[in-house]
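Below is one structure, written out as structure tokens; comments come after it.
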């Protein structure tokens with residue numbers, strides 16, 4: 001069978017199946033947690049966090065070797081990376097608060113300095129006798145070759161816990177993301193929620209290090225939420241669909257990378273996520289580019305239709321080619337530009353509604369209602385039939401539109 | 001400080017200094033415009049650029065690599081703008097999407113192509129090879145006046161020197177428009193300055209500096225030098241002119257001290273091998289920034305108390 005289908009169905013061997021499941025869970029956790037990071041407009045903090053893990057990995061290796069243990073123990077390395085990521089995060093917060101540097105400068109400074117420090121520590125490890133085969137470089141880009149059941153278990157348990165915690169905290173985190181001042185005023189501890197959110201981001205970063213590496217893990221936190229945002233305007237749905245997009249990216253990406261040699265897992269996962277992103281950017285129904293173009297055309301159509309009908313009602317000639325096309329396409333004028341019966345009826349209605357609006361503005365000084373006048377909203381949607389009848393008694397009866405109207 | 005120093009340390013230190021200055025100068029404006037992370041994004045997308053250049057030309061020659069990297073940087077800037085505008089996505093997230101995707105594509109291309117016989121890998125891209133840029137033909141300080149020995153200087157030195165001069169020249173020539181549009185874009189527009197073109201030109205200059213520096217020293221130094229010296233300088237003074245001089249001074253100190261600590265530091269502690277010079281330069285610049293954050297005379301925000309809740 002096709003090796004890709006095999007991998008997709010978890011038939012490509014024990015290790016590949018472990019990687020695919022782990023990557024799927026990791027992707028789900030990344031998307032779900034990243035949603036709040038994105039909504040809080042702090043997506044790139046994860047960049048600093050991820051790069052800040054490197055010195056921790058190196059120091060944890062050195063400490064474990066000095067204590068006489070195996071330096072490659074994954075839990076130990078992850079603990080070290082979490083500690084240094086926390087220090088990096090704290091430094092970003094401190095620099096933004098205590099000095100006049102903006103957050104992006106703090107992020108850039110922390111990520112480059114910690115990464116540089118990490119590289120220094122890695123070169124120290126290379127000179128240690130036990131460090132030659134440490135393979136810590138694999139944390140830069142991730143490696144799935146030697147993934148063990150225990151490693152997969154760490155990813156699975158850690159990822160599930162992160163998703164669960166995110167789900168439990170989704171209400172306060174949404175509140176803080178959209179309106180931190182209201183959240184503070186209504187008794188939510190904004191600082192604590194921010195710390196919890198960053199803690200979750202840190203958890204996902206750390207458990208993803210082994211699989212996709214510290215440079216690409218931030219893609220799993222950023223790309224799925226941005227993708228999901230195109231599909232819905234509701235934060236709850238962004239949460240679930242970001243998780244779904246991330247999970248699919250992780251699972252499919254791992255399957256693709258297992259199906260042929262020289263396909264690095266982390267990169268493939270990111271590229272699958274990027275493909276979903278580009279597709280959503282173009283074609284998502286809510287905020288996609290295609291949807292925006294269609295909406296714009298529809299709006300243009302309605303404006304031209306109304307302008308044409310108003311001109312018809314006032315017996316003015318119409319020259320604008322697009323307006324003529326709209327009226328012709330809707331059967332409101334004949335090919336030679338003479339209004340049809342349907343066209344005259346519509347024109348009369350629009351002219352009458354226009355008069356009704358005039359009266360409405362005289363009666364209702366309430367801008368909340370008359371302010372909704374944009375020329376396109378039918379008056380029936382704004383006022384009740386009683387009120388419209390009231391306007392009509394002031395206007396008098398409808399007047400017919402003369403057939404010799406347009407052009 | 002004899003012949004050995006000239007042979008092994010002089011050129012790497014000079015290359016480090018020029019790279020640091022070339023990055024720190026545009027970095028001043030990037031930090032003030034809150035675009036510091038553009039430097040980060042650019043240095044990540046340099047990798048796919050050089051891999052594509054390698055795949056097209058089949059060699060690791062410098063000029064195609066530089067062109068490829070510069071092309072990738074410009075593609076990245078355009079992609080970020082497109083995602084921001086078309087998708088109505090906030091800049092940080094647009095940047096994150098762009099550079100991770102391009103970096104992943106670069107890693108994939110690298111794994112797919114046969115680069116085993118050339119020195120082209122991710123680690124090299126990140127860490128550079130500053131230590132290996134030695135001046136074989138030098139026999140002492142007098143070699144500085146020996147044309148035959150000078151001809152054997154590493155190519156990287158000449159390239160980064162030219163780029164450094166170019167960046168300095170651009171900064172001096174466009175000083176006024178840069179300064180005005182950085183601090184008050186509306187005023188600059190009212191004066192009739194092409195604000196958009198100035199911003200784009202700044203990013204392109206940063207990309208050129210990043211690419212040339214990257215060639216010699218790897219992407220860590222590039223990001224660190226874009227941000228740390230200008231950020232530290234920002235905390236030292238309120239005047240842009242003085243800030244630029246501070247940032248150049250910090251960049252030079254970071255490059256020299258970083259190289260010295262990396263090369264000789266381990267020996268002082270009884271170690272035998274040098275550590276990564278690029279990493280150490282970044283670390284030293286971080287220490288300088290840390291000191292500036294703690295003791296810089298202009299470190300706090302004006303009206304910090306009132307802005308606390310908004311931040």
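Residue 1 is the first one shown; counting continues down the chain.
Glycine too: its Cβ is placed from the backbone N, Cα and C atoms.
TrEMBL annotations: computationally assigned, not manually curated.
Just so it is clear, the model here is predicted, and its values are computed rather than measured.
Long-range Cβ contacts of the transmembrane segment (B:6-25) within its own chain (Cβ-Cβ under 8 Å, at least 6 residues beyond either end) map to 39, 130-131, 133-136, 138-141, 143-144, 153-154, 156-157, 160-161, 163-164, 167-168, 171, 206, 209-210, 212-213, 216-217, 221-222, 225-226, 229-230, 244, 247-248, 250-252, 254-256, 258-259, 263, 277, 281. As annotated by TrEMBL, transmembrane segment applies to B:6-25 (among others).
The transmembrane segment annotation in TrEMBL covers B:37-56 (among others). For the transmembrane segment (B:37-56), same-chain residues at least 6 beyond its ends with a Cβ under 8 Å from one of its own Cβ atoms are 23, 27, 30, 64-65, 67-73, 75-77, 80, 92, 95, 98-100, 102-103, 105-107, 109-110, 113, 115, 118, 120, 122, 125, 203, 206-207, 210-211, 214, 219, 222-223, 226-227.
Under the heading transmembrane segment, TrEMBL lists B:62-80 (among others).
Taken from TrEMBL, the feature transmembrane segment applies to B:92-110 (among others).
Annotation comment: TrEMBL describes B:157-175 (among others) as transmembrane segment.
Summarising the annotation, TrEMBL assigns transmembrane segment to B:187-210 (among others).
Marked as transmembrane segment by TrEMBL: B:216-237 (among others). Residues 15-16, 19-20, 23-24, 26-28, 30-32, 36, 39-40, 42-44, 46-47, 124-130, 133, 156, 159-160, 206, 209-210, 243-248, 250-251, 254, 278-279, 281-282, 285-286, 288-289, 291-293, 296-299 of the same chain lie 6 or more positions beyond the ends of the transmembrane segment (B:216-237) yet place their CB under 8 Å from a CB of it.
Positions annotated as transmembrane segment by TrEMBL: B:244-262 (among others).
Residues or ranges marked as transmembrane segment by TrEMBL: B:274-296 (among others).
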Determine which recorded stretch among B:92-110, B:157-175, B:244-262, B:274-296 has the most C-beta pairs below 8 angstroms with the transmembrane segment (B:187-210). B:157-175
Intrachain residues whose Cβ lies under 8 Å of the transmembrane segment (B:92-110), provided they are six or more past its termini: 37-38, 40-41, 44-45, 47-49, 51-52, 55, 72, 75-76, 79-80, 83-84, 120-122
